[in-house]
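Residues or ranges marked as [4Fe-4S] cluster 1 binding site by Swiss-Prot: C38, C43, C49, S277. Residues or ranges marked as [4Fe-4S] cluster 2 binding site by Swiss-Prot on the basis of sequence analysis: C64, C68, C71. What Swiss-Prot lists as domain 'Radical SAM core' is 50-266.
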Amino acid sequence: MAQPIGRKPEWLKIKMASGASFAATRQLLNRHSLHTVCRSALCPNLQECWSRGTATFLLLGNTCTRSCTFCAVSKASAPPAPDSDEPQKIAEAIASMKLKHAVLTSVTRDDLPDGGANHWIATMQAIRQRTPNVSLECLIPDFQHKKAALDSVMQATPDVLNHNIESVPSLYSTVRPQANYRASLELLRYAKEQHGLATKSGLMVGMGEERHEVEATLHDLAAHGCDMVTIGQYLQPSAAHLPVARYVPPQEFEEYSTIAKNAGIRYVHAAPFVRSSYHAETFPNNLTITQNL
């Protein structure tokens with residue numbers, strides 16, 4: 001049974017890390033003036049990931065046009081224009097970091113006619129020109145479900161197409177008011193059926209959902225062809241954000257993993273600190289999944 005809300009339980013204590021690799025990663029990102037979801041979203045795994053010489057690149061600036069109540073990324077209705085040099089900067093950073101698997105994500109840019117799709121494509125092209133052997137995992141927004149934008153990004157053939165479902169449908173009006181649960185599921189199905197992409201999604205628990213709702217969402221993801229799923233504990237970024245409803249014990253994450261696999265999801269990473277891109281490079285057969293569709 002979950003502990004009552006109060007002090008964080010032992011399993012949620014972060015082990016701090018630093019060292020030369022951490023400093024080198026930070027310096028490289030600062031030198032190229034790049035945003036990362038690690039820093040912008042206050043990810044609890046920042047120290048660990050940067051110490052391993054990896055990071056998740058945040059495209060289209062660090063200001064989002066949506067107001068998800070769980071997210072620490074800055075919000076505004078009219079963010080600054082995207083940096084046209086960002087694709088090349090990211091490509092250079094990936095080459096410098098010698099990454100074999102790079103993870104890209106972005107803020108949602110409802111203010112742009114294409115939602116930032118062309119910027120996404122330019123970034124993927126720049127990376128592949130600079131480091132053609134790197135595999136690309138793209139955690140995309142919904143682009144307001146505009147078919148032209150989705151098709152253009154999917155036709156750029158990311159090795160893994162990630163789109164987070166984030167939560168159960170009953171909480172959407174609270175945690176993700178400008179998104180649509182069913183439409184996000186359809187996006188994943190479309191990526192699989194129409195573009196033959198390996199698909200991935202993630203959700204957080206501890207936001208007020210019921211266990212049976214998590215199980216139903218995992219079955220929904222499986223039914224829409226999702227290959228990979230991440231499940232992690234929601235942690236409140238600040239007092240201004242959605243409060244944590246409960247701390248989910250590690251055993252429950254193991255149970256969710258079993259449920260997801262039994263539903264037909266091919267790979268599951270479920271644990272308190274798991275986030276969408278956490279150890280993404282270790283997901284087995286990232287490329288084989290695509291090749292064996």
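Cβ coordinates come from backbone N, Cα and C, glycine included.
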### Sorted by sequence, non-C64, C68, C71 residues with Cβ within 8 Å of centre, [4Fe-4S] cluster 2
R66, S67, F70, A72, V73, K75, V107, T108
### Message
Whole-number answer please: how many Å between the C-alpha atoms of C64 ([4Fe-4S] cluster 2 binding site) and S277 ([4Fe-4S] cluster 1 binding site)?
### Response
19
### Task
Can you see whether DSSP assigns C64 ([4Fe-4S] cluster 2 binding site) to helix, strand or coil?
strand
#### Entry: Distance [Cα-Cα, Å, rounded] between C71 ([4Fe-4S] cluster 2 binding site) and S277 ([4Fe-4S] cluster 1 binding site)
15
### Query
Cα of S277 ([4Fe-4S] cluster 1 binding site) to Cα of C68 ([4Fe-4S] cluster 2 binding site): how many Å, rounded?
19
### Message
Need the DSSP three-state call for C71 ([4Fe-4S] cluster 2 binding site) to compare against my parser.
### Response
coil
